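One structure below.
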Amino acid sequence: MPSLRLQGCRSLHLNEDNGRFVLLAVLILVYLLCGAAVFSAIERPSELRAHRRWNGTLLNFSETFNISLQELNSFLREYEAAIAAGIRADALRPRWDFTGAFYFVGTVVSTIGFGMTTPVTIAGKVFLIFYGLLGCAATILFFNLFLERIITLLAVVMKAVRERRIRNSGLLPPGIRHDFSAYSLPGWKPSVYHVMLILGLSAITISCCASAMYSPVEGWAYLDSLYFCFVTFSTIGFGDFVSSQDAAYEYQSLYRVANFFFMLMGVCCIYSLFNVISIVIKQVLNWMLEKMSCLFCQRCNKANAFLGRRNAIRPGSRGRKGRFNHQPESDGPCDSDTEARRLSGEMISMKDLAASNKVSLAIMQKQLSESANGYPRTVCGSSRHNGFSGGVGALGIMNNRLAETSNSR
């Protein structure tokens with residue numbers, strides 16, 4: 001079924017997916033411009049002062065020791081090459097022994113890429129290309145599977161808390177009170193905002209605990225340690241701060257194990273948080289598209305004036321249905337829009353959320369609800385016959401797309 005076009009904007013030929021993509025691209029561009037302006041205003045004066053100090057130091061050294069600036073610059077270039085090879089004035093751990101190489105490949109497959117260790121031989125660079133291709137793909141798959149299990153665990157815990165709260169409130173019918181497991185809250189699904197809050201608090205806790213370890217061991221300020229944790233856990237990996245690089249530490253083995261544990265848990269937690277935040281951003285984009293359509297379209301108050309339902313998740317969908325005097329179809333008492341909204345406390349319709357199985361959050365929430373209730377997934381039932389299984393985030397979207405393509409053939 002082809003997507004509906006924006007009323008009054010048919011010449012643009014933008015369906016909802018394309019409109020959302022263009023709007024997100026524009027917002028990201030604006031975000032980049034604003035970020036560049038802020039960082040330029042903050043960091044540029046410090047850069048200019050550093051240049052002036054260095055030029056003065058270089059000229060003073062040249063005059064004091066009677067060395068030409070050309071010879072001095074040549075020496076500094078050799079020193080920069082030595083730094084790139086891992087040579088420092090202070091003693092550091094070997095870069096390419098087994099433990100150093102293991103640390104390096106960990107930063108490669110996790111896409112952190114600090115840059116403090118890089119291959120310098122042709123064979124090493126060629127091997128890195130193929131090694132990173134497979135390793136990064138496998139690690140992204142691991143992050144997706146980790147996210148799926150974290151969401152499932154959160155669903156079970158949140159559902160148990162919800163059941164206990166309802167049991168203690170005395171709101172259950174008398175016949176269900178003694179056999180609560182049969183009721184099992186079939187219309188309940190966990191709130192995306194609760195999941196986002198829990199993941200955010202987990203990321204903050206891990207970062208604070210890791211910073212408390214890095215500050216005394218590495219000699220960093222606590223704020224610098226927090227900065228390092230975010231840069232590392234988000235896989236940005238600038239390389240200005242890198243942990244576990246000194247030649248020796250007190251309790252070295254214990255520190256390196258703890259360092260590996262914090263990095264693994266931090267990266268997984270931040271990756272999961274980014275996935276959930278991206279769904280909230282998508283909700284905001286859909287809301288903005290709806291407001292824009294109402295602004296530019298003269299007949300936006302009529303039914304079906306907005307975009308097609310494909311991949312649509314928008315806040316306030318219940319209010320629109322009331323305005324159109326259209327009662328949504330219900331798949332049964334377990335999928336009641338009103339009951340799901342009442343039980344989950346969501347800002348958006350949970351029925352709409354679960355129906356949009358191409359959206360990663362819908363996949364997550366349906367998987368969790370089914371895991372908590374104890375019955376199989378039905379997000380994409382036909383996909384198993386085609387060899388495609390469900391997933392979370394980008395993996396789930398891709399699998400569903402592949403399943404649809406296979407079914408159409």
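Backbone N, Cα and C define each Cβ position, glycine as well.
Checking TrEMBL for transmembrane segment across the ranges 101-122, 277-298, 343-364 points to 101-122. The transmembrane segment (220-242) shares more Cβ pairs under 8 Å with 192-214 than with any other stretch in the list 20-42, 192-214, 254-274. Applying DSSP to the domain 'Potassium channel' (93-150) sorts its residues as follows: 41 helix, 0 strand, 17 coil. Looking only at the domain 'Potassium channel' (205-282), the predicted model's pLDDT averages out at 92.
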